[in-house]
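Right, one structure below, let's go through it.
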Amino acid sequence: MSLVYLLIAILVIMAMILLMSKRRALAKYAGYIALVAPVISSIYFLIQIPSVAKLQYLSTSIPWIKTLDINLDLRLDGLSLMFSLIISLIGIAVFFYATQYLSSRKDNLPRFYFYLTLFMFSMIGIVLSDNTILMYIFWELTSVSSFLLISYWYNNGDSQFGAIQSFMITVFGGLALLVGFIMLYIMTGTNNITDILGQADHIKNHGLFIPMIFMFLLGAFTKSAQFPFHIWLPRAMAAPTPVSAYLHSATMVKAGIFLLLRFTPLLGLSNMYIYIVTFVGLITMLFGSITALKQWDLKGILAYSTISQLGMIMAMVGIGGGYAQHQQDAIASIYVFVLFGALFHLMNHAIFKCALFMGVGILDHEAGSRDIRILSGMRQLFPKMNLVMTIAALSMAGVPFLNGFLSKEMFLDALTQTGQLSQFSLISMIAIVFVGVIASIFTFTYALYMVKEVFWTKYDSKVFTKKNIHEPWLFSLPSLILMVLVPVIFFVPNIFGKGIIVPALRGVSGGNHQIDPLAPHVSQWHGFNIPLLLTIIIILLGSVLAIKVDWKKVFTGKIRQISVSKGYEMVYRHFEKFATKRFKRVMQDRLNQYIIMTLGIFMIIIGYGYIRIGLPKVHQLHVSEFGALEIILAIVTVTIGISLIFIRQRLTMVILNGVIGFVVTLFFIAMKAPDLALTQLVVETITTILFIVSFSRLPNVPRSNANKKREIIKISVSLLMALIVVSLIFITQQTDGLSSISDFYLKADKLTGGKNIVNAILGDFRALDTLFEGLVLIITGLGIYTLLNYQDRRGQDERE
């Protein structure tokens with residue numbers, strides 16, 4: 001099956017979900033219909049594993065806008081396959097979990113599942129895209145769909161603010177990324193990603209290479225919540241828990257990491273890129289791990305833990321980026337080891353983080369709270385969630401016999417090996433190891449502290465008073481399955497490593513299959529070495545900090561109020577006030593003012609063009625024959641037009657405006673265009689009558705007195721627009737480079753059977769345009785009728 005067919009299948013499912021929204025009896029089954037989408041995509045991508053492992057990549061290219069090299073280019077290689085599997089398989093768990101989490105009585109299920117399926121569709125689109133502009137479209141589609149999901153409970157103020165904040169930051173990054181893609185097109189002349197990566201050596205010497213890297217980093221850092229662009233992610237917790245579980249584990253926050261991995265063969269050629277990504281990742285990891293301890297809300301703890309874990313993965317992506325420079329060197333194996341660790345931890349993080357969010361969702365759903373000050377001793381009431389969240393949290397902390405331990409060991413090993421890499425000095429290595437270890441200690445601390453406070457403290461019935469707590473099996477099933485995978489991957493890591501991660505490494509390297517022998521064999525035991533020693537230190541210090549320190553009392557008062565997001569909120573409020581003032585100044589409910597502003601901007605643009613290229617030069621002007629009638633009609637039109645500026649009576653203005661229309665009708669008659677004259681006459685008559693009739697229903701508000709300054713502006717704008725239109729006519733007459741389409745119409749109108757050229761254009765050459773114009777009028781009429789009918793019924797209901 002083609003990749004396009006897969007995307008179409010998902011779109012069909014989305015359409016079915018929308019149709020179900022019209023029938024309330026079927027709406028409760030929307031989740032199960034939506035579940036088909038991740039199931040189909042999972043089966044499809046699982047089937048492709050053997051082919052991709054044998055270097056048999058799928059690709060599809062459908063021409064779209066050829067002149068701009070924008071095509072529907074899709075490609076399934078090892079990297080896109082790994083991300084697609086994570087998106088799809090985690091999607092099955094999340095979609096099923098959502099069917100148990102949401103209520104068909106309280107929630108609009110078709111709307112929710114449409115948004116969620118759109119979210120999955122856009123993420124799969126990103127990882128399959130082999131065209132930069134197509135990737136950008138899907139990139140922004142994730143921002144739009146996440147906005148809709150975060151604001152799903154739109155009556156909640158936190159949901160509204162969180163949705164706006166995430167949308168503003170990620171769209172800003174997306175626009176920066178688009179600029180980077182345009183720079184790539186300027187440097188290479190193509191939008192095809194495979195072709196771009198093939199020109200990496202040429203691009204690195206271009207003057208736009210460094211600016212392009214910064215644009216890419218802005219896009220990646222905003223999407224993957226790297227410091228200081230992380231602030232949108234905790235606010236996104238206002239979304240329903242299934243959304244949080246999906247967003248944090250498998251979708252949007254991983255898009256930035258995917259972007260950097262996909263373009264590693266190009267971006268890794270710059271040492272500056274390696275430094276920035278490595279140190280921003282480590283700072284984000286440290287900041288997220290410390291800030292997680294400030295939180296009382298379980299979702300808040302997990303949000304900052306995601307920020308920290310993303311920083312950890314990002315740091316490994318940065319260190320491993322040097323492979324682009326040293327593919328044939330002896331140290332290439334170190335870079336490959338680090339990239340393998342990044343991909344391995346990305347997969348592990350998706351599993352344990354999704355399980356953690358599902359556990360928190362069940363606690364919130366059944367206990368009615370996520371506050372660790374209220375929840376205590378929950379192991380008695382939630383034995384299954386105690387097991388799920390404890391194992392998942394310990395995996396995140398890097399405890400042995402769980403999958404997180406293996407990838408955390410690879411992370412520590414990568415840090416200690418940076419001293420052997422040419423990009424890092426001894427001082428850099430010491431700083432990297434120090435920050436990484438401190439961040440890992442706090443990671444262990446918040447993971448252990450979270451489960452200790454919720455499950456392993458003494459149950460206090462005075463604080464937590466809710467009764468009749470239960471854990472439905474179907475509700476718990478997805479998180480239990482994910483929990484089982486945590487130790488399973490620890491014992492059989494190479495099944496996933498050889499079948500999924502190694503092919504993904506080929507994608508990171510730009511399709512270089514020679515990377516396979518350099519890929520590490522994951523072992524549970526490496527003997528006593530520096531990473532193991534660091535792990536022991538992390539576990540000991542982290543345990544002490546988690547058990548002995550009451551972090552609820554540490555971050556209090558002014559310390560708790562310190563937040564990076566406060567700066568964003570302050571800037572946002574100032575911009576909002578500024579925008580409101582400007583809006584009120586510009587939008588004064590005066591149609592003529594809007595027209596003047598619109599035409600003014602248009603004239604500025606045209607005027608700038610004339611300044612750059614010079615005024616049009618008239619070599620030979622072809623003027624149609626005209627007589628006394630045309631001169632008289634022109635004088636009448638101009639005279640009436642000028643008089644309209646000074647007349648105060650509205651009825652007189654409407655009548656004179658109609659007179660201008662009738663004069664235009666006479667122009668058409670003089671030009672021997674009876675069809676146009678008849679059409680103009682009918683339209684002008686109806687319009688004038690409607691204007692006059694409408695006055696009987698409007699209040700008799702006198703027109704404001706003439707303002708000399710305002711009238712001068714109106715006359716000036718009118719005259720300038722007239723000059724611009726005339727100059728454009730001159731330009732078109734002087735242009736000989738392109739053949740006129742009029743000749744085609746004149747030669748082909750006989751074939752249409754029309755009586756004249758106008759009939760032929762409207763009825764044949766522009767038949768679809770005419771059809772859709774009619775449809776627009778019909779839809780507009782139906783919309784007006786619906787609004788009027790709604791208002792009538794509403795007024796009737798209020799009277800009753």
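Placement of Cβ uses the backbone N, Cα and C atoms for every residue, glycine included.
Summarising the annotation, Swiss-Prot assigns transmembrane segment to 78-98 (among others) and lists sequence analysis as the type of evidence. Residues of the same chain lying 6 or more positions beyond the ends of the transmembrane segment (78-98) and with a Cβ under 8 Å from any Cβ of it are 31, 34-35, 37-39, 41-42, 45-46, 48-49, 52-53, 112-113, 116, 120, 123-124, 127-128, 240, 242, 245-246, 249-251, 254, 258, 261-262, 343, 346-347, 350-351, 354, 358, 361, 475, 477-479, 481-482, 500-508.
The transmembrane segment feature in Swiss-Prot is assigned to 167-187 (among others).
Per Swiss-Prot, transmembrane segment is recorded for 207-227 (among others), and the stated evidence type is sequence analysis. Using a Cβ-Cβ cut-off under 8 Å and counting only residues 6 or more beyond its ends in the same chain, the transmembrane segment (207-227) has close neighbours at 139, 142, 169-170, 172-174, 176-177, 179-180, 183-184, 186-187, 233, 252-257, 259-260, 263, 267, 270, 272-273, 276-277, 280-281, 283-284, 287-288, 306-307, 310-311, 314, 564.
Taken from Swiss-Prot, the feature transmembrane segment applies to 241-261 (among others).
Packing against the transmembrane segment (300-320) from elsewhere in the chain are residues 224-227, 230, 233-234, 236-237, 244, 248, 253, 256-257, 260-261, 264, 268, 273-289, 291-292, 294, 335-336, 338-339, 341-342, 345-346, 349, 353, 356-357, 360, 372, 396, 411, 414, 418, 421, 432, 436, 439, 442-443, 446-447, 450, 508: each is 6 or more residues past its ends and has a CB under 8 Å from a CB in it. Per Swiss-Prot, transmembrane segment is recorded for 300-320 (among others), and the stated evidence type is sequence analysis.
Look at Swiss-Prot and you will find 331-351 (among others) tagged as transmembrane segment. Long-range contacts of the transmembrane segment (331-351) within its own chain (CB-CB distance under 8 A, at least 6 residues past either end) are made by residues 82, 86, 90, 249-250, 254, 257, 261, 264, 309, 312-313, 316-317, 319-323, 395-396, 403-404, 406-408, 410-411, 413-414, 417, 420-422, 482, 485-486, 489, 493, 496-497, 500-502, 504-505, 508, 515, 518-520, 522.
Sequence-distant contacts of the transmembrane segment (387-407) (same chain, at least 6 residues past either end, Cβ-Cβ under 8 Å): 305, 309, 341, 344-345, 348-349, 351-353, 355-356, 358-360, 440, 443-444, 447-448, 450-451, 454-455, 476, 479-480, 482-483, 485-490, 493, 522, 524, 535, 538-539, 542. According to Swiss-Prot, the feature transmembrane segment maps to 387-407 (among others), an assignment based on sequence analysis.
The transmembrane segment feature in Swiss-Prot is assigned to 424-444 (among others).
Tertiary neighbourhood of the transmembrane segment (527-547): same-chain residues 397-399, 405, 408-409, 412-413, 416, 433, 437, 440-449, 452, selected by CB-CB distance under 8 Å and a gap of 6+ residues from either end. Taken from Swiss-Prot, the feature transmembrane segment covers 527-547 (among others), and the record attributes it to sequence analysis.
Here Swiss-Prot flags 595-615 (among others) as transmembrane segment, drawing on sequence analysis. Within its own chain, the transmembrane segment (595-615) is flanked in space by residues 586, 713-714, 717, 720-721, 724, 727, which lie at least six positions past its ends and keep a Cβ under 8 Å from the stretch.
The transmembrane segment feature in Swiss-Prot is assigned to 712-732 (among others); the stated evidence is sequence analysis.
Annotation source Swiss-Prot lists transmembrane segment at 768-788 (among others).
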- Note on the structure: Per the Cβ filter (under 8 Å) with a sequence gap of at least 6 from its ends, the transmembrane segment (167-187) is approached by 69, 132-133, 135-136, 139-140, 142-144, 146-147, 196, 199, 202-203, 206, 208-209, 211-216, 218-223, 229, 231-232, 252, 256, 259, 572
